[in-house]
């Protein structure tokens, strides 16, 4: 019976995982019924479990179907796809009530399959970079799938952004529209140890609030896990030009500096008197000019009176009067200004160039597996990785 509930089952994003060995929906009275009735019930639950979590190497062709799924609460809407569990549009009103898509992306799902920018995707098994594409865990040395020079970025050539996820639940509209995607990462995928079951839930939980909850459970080996959401935001509209005129505040007084290949040195340094200081709201273009290409750095989020959900960043767009406040339970956030986007034909034929969007990827620290002073990302069998982020949008009059 423990197998049937070995992964937490969520019917609501705020519900706690059910980890009892005797599932709460099986009463003692039921277990004392006749064997035929009881085992028919168990067979039903087993079939349900297989339908939800069967897959991996045995996935059927039907499970490889890629679709587009909408969530709409009457105030704003998003669309996502089970290719990479990606967010492909977010439509928000501006100060005049006109709706605009505020995330970069493509017109067709097929284009996402050839994307190298990670537009809107969930990235993993380990987001960001691991230096030398290797690490040692419990005495075993693991060599990973290097896809950026000698390093690994966002899980390798075939990370979580480049696979088909299962749609577990989809409620398009109503009071709290939501969709849950699931993926079974196999032992040795991109070189990482152990099987890993992953779930991501997108939910519209308020008038202008988007909740993203990520869960992962290692099955048979300890493994690093660091999932991130890689949407490129432009609050002026995906086709409005660059984000350099947007104002941002980042609630991190330290960063993890990197070498020339963007691998952390292991230091944690202050942002004071540097272009990385966004402790007070600042227009991006006023500081980015002091950097060679732009921002691509992990901020260490400040402790906020012991709060589990901390404010990571706030972004404002002056022209549309839209703003976005991001809170998270992760220790860091990667601020990336789309430095390497170039001549990408996006939605409606609009061509994206450098700084067309910005990413705020809440995460564990990059290359943490090789820096003992960074918060650990190792998750053992029996433990559950959790990562929550909340995007709260506002429209000023």
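Placement of Cβ uses the backbone N, Cα and C atoms for every residue, glycine included.
From the options 36-56, 57-77, the stretch TrEMBL describes as transmembrane segment is 36-56. The recorded positions examined here are 296, 361; by Cβ neighbour count within 10 Å, the least packed of them is 296. Within its own chain, residue 128 (beta-D-galactose binding site) has 153, 154, 226, 228, 298, 334, 361, 363, 366, 367 as residues 6 or more apart in sequence whose C-beta sits under 8 angstroms from its own. Here the binding residues for beta-D-galactose are 128, 129, 230, 231, 232, 296. Their largest Cα to Cα distance works out to 18 Å.
A gap of 13 Å separates the Cα atoms of residue 230 (active site, proton donor) and residue 296 (beta-D-galactose binding site). Here the binding-site residues are 129, 231, 232, and the one whose Cβ sees the fewest other Cβ atoms within 10 Å is 129.
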